[in-house]
Amino acid sequence: MTKKRVLSGVQPTGAIHIGNWLGAIRNWVSLQNEYDTYVCVVDLHAITVPHDPQQLKENTLRTAALYVACGMDPKKCSIFVQSHISAHSELCWLLNCVTPLNWMERMIQFKEKAIKQGDNVSIGLLDYPVLMAADILLYDADLVPVGEDQKQHLELARDIAQQRVNSRFNKESKSILKIPKPLIMKEGGKIMSLIDGNMKMSKSDPNENSRIALLDSPEIIKKKIKRAKTDSFLGLEFDNNQRPEANNLLGIYSMVSNQNREAVQKEFSNIGWGKFKPILTDAIIESLNPIQQKYYSLIKDKTELNNILNKGYIKANTISNQTLKRVRNALGFLDKPIS
């Protein structure tokens, strides 16, 4: 029986943090046993905002290495770099030409980021969701793991595929582009900031204390947890809207210690922050230790990492070119010459 295909990825911008790991990457690790899994380092998306070229190169390798260090198995999944597959850019352009401008202008994330960038906002930032649609549609993905903040982008990909390509250019019964479905993972879906329990933990937050990077040292982790925002209530609890920080920090502990919420609630219902924070700190350090060891082993000698990316490229390139050829033919382009 053919496995359903899953596609996901992370931008190589900033340091990957425990929110990325617990909210996304750790879920992908479990998915690779059940699905035909493709994991991409989405570096083309990283240049929609001002960036440092050398830092981009380093972050791209770092992100790929962390995928493997977190448990993505190259024998079970394909790990590749987005910009290595030229079909991403070509399909993006083809989709650009059939996607209405007003669809882009109503995207929430563009509006938010455009305000921050002012006159420096790029066309690439406006077009970001079309490139994301190309990423998804290029691999005939059946399912795409998404958080609540990405659901709008997946809906756009579905609309472009169905309304702007399949409905307009399909001359046969078989669809040109597969319509993907969202795969929403509930546990760890959203890890919040350490300094504001109402805000999502983010790589772009200028305050380093808002997040714990996967490569943070034990000393740094200890300092960040010590400074993490808390409240004045005695005892810790989940699901109290007046205590977002308690819910967040307990949730992190539950996941890094692999204990269910009921057990965690029982353990800490009568304990104060002063006793809880050192316990949380130790649990995070212990959970990140094997990831850090594997990462530094990979990054020290990049031969294995480059082989992994090359293997992923070959498989991803083959599938992406098949999809691109279908779209090119449907839109009326001549077949490319055989070199």
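Quick reminder: no glycine exception, Cβ is built from N, Cα and C everywhere.
Binding site for ATP per Swiss-Prot: GLN11, PRO12, THR13, GLY19, ASN20, GLY147, GLU148, ASP149, LYS200, MET201, SER202, LYS203, SER204, plus ILE191 from the candidate set ILE160, ILE191. A 10 Å cutoff on Cβ-Cβ distances gives GLN11 (ATP binding site) a total of 23 other Cβ atoms nearby, all chains included. For the binding-site residues given as THR13, ASN20, the lowest number of other CB atoms within 10 Å of the residue's CB is seen at THR13. Confidence annotation: the motif ''HIGH' region' (12-20) carries a mean pLDDT of 94 in the model. The Cβ neighbour count for GLU148 (ATP binding site), using a 10 Å radius over every protein chain in view, is 10.
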